[in-house]
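Report on one structure; see the data block that follows.
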Amino acid sequence: MCAAPGSKTTQLIEMLHADMNVPFPEGFVIANDVDNKRCYLLVHQAKRLSSPCIMVVNHDASCIPRLMIDVNGRKEVLFYDRILCDVPCSGDGTMRKNIDVWKKWTTLNSLQLHGLQLRIATRGAEQLVEGGRMVYSTCSLNPIEDEAVIASLLEKSEGALELADVSSELPGLKWMPGLTQWKVMTKDGQWFAEWDEVPHSRHTQIRPTMFPPKDSEKLQAMHLERCLRILPHHQNTGGFFVAVLVKKSSMPWNKRPPKLQGESAKPRDSVQSNPAGPMVEKAEGPAELERKLVTGIGDAEIIERTEDLENNGNKKDGVCGPPPSKKMKLFGFKEDPFVFIPEDDPLFPPIQKFYALDPSFPRMNLLTRTTEGKKRQLYMVSKELRNVLLNNSERMKVINTGIKVWCRNNSGEEFDCAFRLAQEGIYTLYPFINSRIITVSLEDVKILLTQENPFLRKLSSETYSQAKDLAKGSVVLKYEPDPTKPDTLQCPIVLCGWRGKASIRTFVPKNERLHYLRMMGLEVLAEKRKEGTAMTDESAASSGPPEDEVGTDQSAEQAASPDAASMGSDSAGAALPR
């Protein structure tokens, strides 16, 4: 829900792709952040994992809209199996590494953040599927941001949520149980043990939800001791708070019978209404508005009342564009639309023939970022994310999704296929490719990654015999580990390459290139890189480029897709830095 800069998001993506033999896991990760600029940092982090199952969106987590998906021709609300609610906090648990905390920390920070943290946690609980888990976490040790939020959320849920006992799930982790009693302190050092002690003048700053429940039985039933408090001295870390919540049933305000029958709800209000309402002590406007809009609609089935509005014929098929500005305020950069390739598009058959793509290849999941002119980049998403994109274009601001799988060659029509493979999506694409695959040795991989345009004769005889009869164009270079040689690299490598007239080159971004070399035990230092570049420049000058198209295509790649400038993908260039 509050995902930037993205370290936890990348861990979730790695868990999703635990089985590397499955190119499209059924699950997906939606990573949200309210800060538009930080969303691009999030994209940059996620792109390193090259997953077709990640979507980055830009919303206020406290009122993030409900998403719809198509289930057998009928629209249903998307509920999440797992939610990570790592909320904004005062950060006092980071004092060992963050010197600003020592200068700027006051108890007022927690008082100001408590309301936002509670709204975000409540919105997360609303969007959780029954039986699903939500992790609420902060890097703060202040109970106002931790146990107070959990206690208030449990109280408002009326039994719909409960704290899970996760003490045995991470053996060896040292932690303290959650607090059951605490006091509230103002900025000037005044303490309050309960809400009744707070003077009226302080009621805007201190709220009843900041105090532990008075009823001892209710407090005991909450099991706040199941929260985990990780203290810095336990295992030489920062301070951290974690609570795992399990949803047992719909939230109470989603169960109540409808108050207004036949109400023509405004579509934007239905997804933008503030979920904080039910948490405020008085049943004020936002609470009543939320109840009117979502009452009588259980978590198991929610019928979208704006279907007719969305399907009125004004929307282009297969296009998920940016939300209309009249319905949702747009901040930051204006994103290009996501346009899925139609099944009858003449663009695809030459690609399918050139690479001998398997009939099972999910071509309907291919998309571009332009509605006009030549399609320069082709991206791919999983079928589940395609469903989300097509059914939420007016309700969601998508910053980025999908991985680049093909790039257009300038003058590429001279070859049998106008599109070359992109390294970013090769691991997803490779299982479907049945031709233009060259098996290379470990020594070949080293040559290909350290030299710009090595002649075919520099490669092993097995590689040369596979490549000599191939037509010019994009190829897949595959290294298969030899289990009989345990001292060699035991990880398969798939690289994108280009078969030229008399040479082969790789199209691999600089960082990934260095990563592969390190895996093979070749640490490329800065001064060595300069020497290697001089060597590759010399060899390139003597051998000449494979063909003009590659050179022009590299510059085209650096121009890159509409979102490349912000996400820092392949545009780093294919060769070592000059």
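Just so it is clear, glycine is given a Cβ too, placed from its N, Cα and C backbone atoms.
TrEMBL entries are annotated by machine, without manual review.
For Cys139, the entry in TrEMBL reads active site, nucleophile.
Proximity of Cys2 (S-adenosyl-L-methionine binding site) to non-local residues of its own chain (separation of 6 or more, Cβ distance below 8 Å) is seen for Asn32, Asp33, Val34, Ala61, Cys85, Asp86, Val87, Pro88, Ile120, given in sequence order. The S-adenosyl-L-methionine binding site feature in TrEMBL is assigned to Cys2, Ala3, Ala4, Pro5, Gly6, Ser7, Lys8, Asp33, Asp60, Asp86.
According to TrEMBL, the feature compositional bias 'Low complexity' maps to 559-578.
According to TrEMBL, the domain 'SAM-dependent MTase RsmB/NOP-type' annotation covers 1-248.
Taken from TrEMBL, the feature region 'Disordered' covers 253-285 (among others).
The region 'Disordered' annotation in TrEMBL covers 530-578 (among others).
For Lys8 (S-adenosyl-L-methionine binding site), the same-chain residues 6+ apart in sequence whose C-beta sits under 8 angstroms from its C-beta are Leu84, Asp86.
This prediction places the mean pLDDT of the domain 'SAM-dependent MTase RsmB/NOP-type' (1-248) at 94.
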